Amino acid sequence: MRKKIVAGNWKMNKNLEEGHQLTSEVVNMVKDEVTSDVQVVLCTPFVHLNSISKLLAGSKNVMLGAQNCSEHASGAYTGETSVSMLKSVGTQFVIIGHSERREYFGETDALFAKKVDAVLAAGMTPIYCCGEKLEVREANDHIKLVTAQVSEALFHLSADALQKVVIAYEPVWAIGTGKTASSAQAQEMHAEIRAHLAGKYGKNVAEEITIQYGGSVKPDNAVEIFAQPDVDGGLIGGASLKSRDFVDIVKAMK
Ligand code: PEP
């Protein structure tokens with residue numbers, strides 16, 4: 001049975017005090033209200049990881065994630081953060097390949113492959129994001145593009161390593177736009193990604209990979225999207241900044 005994982009991507013939001021408050025609220029609500037075995041991940045800004053890690057120490061199923069990492073182990077890389085630094089403050093998950101990293105920072109699938117390796121070598125879980133822009137979908141090339149993103153960043157991995165990766169399908173046109181993919185569009189792409197994994201690694205391995213959906217997930221659309229058979233959770237941006245909304249989305253993952 002694959003894991004169900006709902007992760008919040010705070011992006012560049014929340015100062016430390018606000019981040020602590022949001023974390024405490026989420027931890028308490030999850031403890032009181034979430035009865036399913038869903039794992040919850042808070043992907044906070046780097047500077048908050050160390051102290052938020054302490055706030056999560058007593059929580060069974062709320063975990064800590066970072067939003068990026070360096071592909072390098074250490075050295076003269078001003079402004080960068082290594083996987084061993086992340087690991088040393090209790091980080092368990094690292095988002096790799098977010099569309100904002102692709103678009104604003106020029107990061108490529110080849111670089112993501114190296115970052116995925118670094119995260120796995122440090123014993124953390126990469127959440128690898130893939131997804132097409134609107135013009136690609138309109139040209140009906142979305143499946144070709146997304147499966148290529150998956151191959152290029154992940155297909156150098158062994159089957160054992162691949163099984164430690166979480167994939168997040170995030171259509172770029174749905175991120176932060178209020179426009180979500182329909183549940184049928186999400187299911188179609190998730191099934192295509194899983195079939196693509198099966199083609200390379202076999203059906204048994206593909207069936208074990210958690211594939212999250214991300215893109216304007218809100219409490220009122222989460223139930224329908226999460227009910228799709230190949231949707232195993234969500235990567236949540238804007239709605240993860242409000243504890244009530246975020247926990248309501250977590251509760252939608254049954
Ligand atoms: C994201 O940034 O990963 C995301 C899905 O954002 P939003 O939920 O705000 O669309």
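Cβ atoms are placed via backbone N, Cα and C, with glycine included.
All annotation found in TrEMBL is predicted automatically rather than curated by experts.
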Per TrEMBL, which one of Ser36, Ser151, Ser158, Ser216 shares the substrate site with Asn9, Trp10, Lys11, Gly176, Gly237, Gly238?
Ser216
Give me the CA-CA distance between Gly237 (substrate binding site) and Glu170 (active site, proton acceptor), in Å, as a whole number.
11
Around Glu170 (active site, proton acceptor), how many other CB atoms lie within 10 A of its CB?
27
Judged by the number of other CB atoms within 10 angstroms, which among Lys11, His98 is the least packed of the recorded positions?
Lys11
Could you find out if DSSP has Asn9 (substrate binding site) as helix, strand or coil?
strand
Check each residue in the chain of Gly238 (substrate binding site) that is at least six apart in sequence and keep those whose C-beta is under 8 Å from its C-beta; list them in sequence order.
Gly176, Ser216
